[in-house]
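Accompanying notes for the structure given below.
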Amino acid sequence: MYDVIVIGSGTGGYVAAIRCAQNGLKTIIVEAREIGGTCLNRGCIPTKALIGSIEILHKAKNSKSFGVNIDSINYDWSFILSRKERIVKKLTDGIKFLLKKNSVNIIKGFAYIKDSNNVIVIKENKTEENLQTKNIIVATGSEPLDISVFNIDHNIIINSDDALNIKKIPKSIVIIGSGAIGLEFATIFNALGVKTDVIEMFPDIIPELNDKKVKRIMALGLKKSGISLHTDEKVKSVKINSNNEGIVETDRGNIYKSEMVLVAIGRKTNIDILVNAGVSIDNDFVKVNSKMETSIRGIYAVGDITDGPLLAHKAEFEGIVAADSIAGKSASREDFKNIPACVFTIPPLAICGYTEEEAINNGIDVKTGEFNYSGNGKALSIGETSGLCKVVIDKDSNHIIGAQIYGESADIMISEASVLIKKGINVDEFVKIIHPHPTLGEIFMESVHDSIDESIHKFKAR
């Protein structure tokens, strides 16, 4: 008899398992695929490993502006792929080590929930084993959305999983979807010299971000890098012609021909195991309470299968909440607005909290502050002057309630914003905090100062 069976070893699953073990609970993981799940094997980590190589290539191409002349700039795709695999393996081995040291057992196979105390595992050798438990945490994640009209063949018309392992770089690619996945892969392929077109059915890129100014600046940056953006254009069909080329036809009558088509239209939740168990489902997400418990007592769900953004750090936090809740500790799910999100383009985008539009739509009277990267000494020093930081302030409380940053190291800078948003820090308190100089962090500082018309390095007519 186990205290907890965790189904799925992605970020939410393995974190939940380790925290359960830390809480003194006898725990086992059931995993049908690779330890580490999507983020480690087919998502966050491998894409960032590729982008790590791309960033070096990007800097090399711009080296002359620093007085550094590099005679020959090229890349070795097979080495880039092998580097990615080495990074994934190192982290996977690390997770296995942590699970072992925390006495968390792993059983490979497909799990089925018989009831809240019994899980049937169909193992790799096709035999079945019944595991008894007091609690179940389901962390089965999500997978690329596949709609028949796109005719994905995993060769010419591919999804994001396929894109991580292509053996030959195409000369041209059409990417359908301009969310985080689509734009990150657009950044990768464009930097490798691939003619890159991105098609988006909504009027703007990053449909989930409701700040037109930040999106406009980001779109300009992407276009300047060489990426072609086609917004407000819906794909009607995707086919392969007799020359083995991808043919994408849109509702505007445009036809895009390329060597490869990447479908990046989102992901679908892997909830079948819980549907079959009879838990409550709402709009393809598992309904949970603040403790991550489903409608069936003793069965918990964390990560992508629950509502909210599909983010690894959300899954990690929810895994801890579920594990601590089972252990009888005080734990509660986080407000989605307090969860930062990043898009790892070059430069990256990072957001947290309310945008100006969202706040207004929610009846919040706001003021904003902005500061451009071009006015920052460190940004000028490292040649990263394209970008903007914008903050949103609640006029009544004078609290910082949102931040959007597009520019170098935005993914790092957003953490300061998320702390301020979570803790409800007052602007008058924040302006007393001294930031080191010269750093990119001063961009965030100046944007907050700008919200009260006190930015020293930004002229504002009075």
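Including glycine, each Cβ sits where the backbone N, Cα and C put it.
Nobody curates TrEMBL annotations by hand; they come from automatic prediction.
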Exercise. Which of Asp282, Asp284, Asp304, Asp307 shares the FAD site with Lys48, Thr140, Gly141, Ser142 per TrEMBL?
Worked result: Asp304
For this session: Would you identify which residue of Gly109, Gly266, Gly278 TrEMBL lists as part of the NAD(+) site it also attributes to Gly177, Ser178, Gly179, Ala180, Ile181, Gly182, Leu183, Glu184, Glu200?
Result: Gly266
Seminar exercise, completed: For Lys48 (FAD binding site), the nonlocal same-chain Cβ neighbours (under 8 Å, six or more residues apart) come out as Phe344
Exercise. Taking the Cα atoms as reference points, how far is Leu183 (NAD(+) binding site) from Cys39 (disulfide bond) in Å?
Worked result: 17
Exercise. Rounded to a whole angstrom, what is the largest C-alpha distance between any two of the residues Lys48, Thr140, Gly141, Ser142, Asp304 that the record assigns to FAD?
Worked result: 22
For this session: Determine the minimum-neighbour residue: among Thr140, Ser142, listed as binding-site residues, which Cβ has the fewest other Cβ atoms within 10 angstroms?
Result: Ser142
Seminar exercise, completed: A correct count of other C-beta atoms within 10 Å of the C-beta of Cys39 (disulfide bond) gives 23
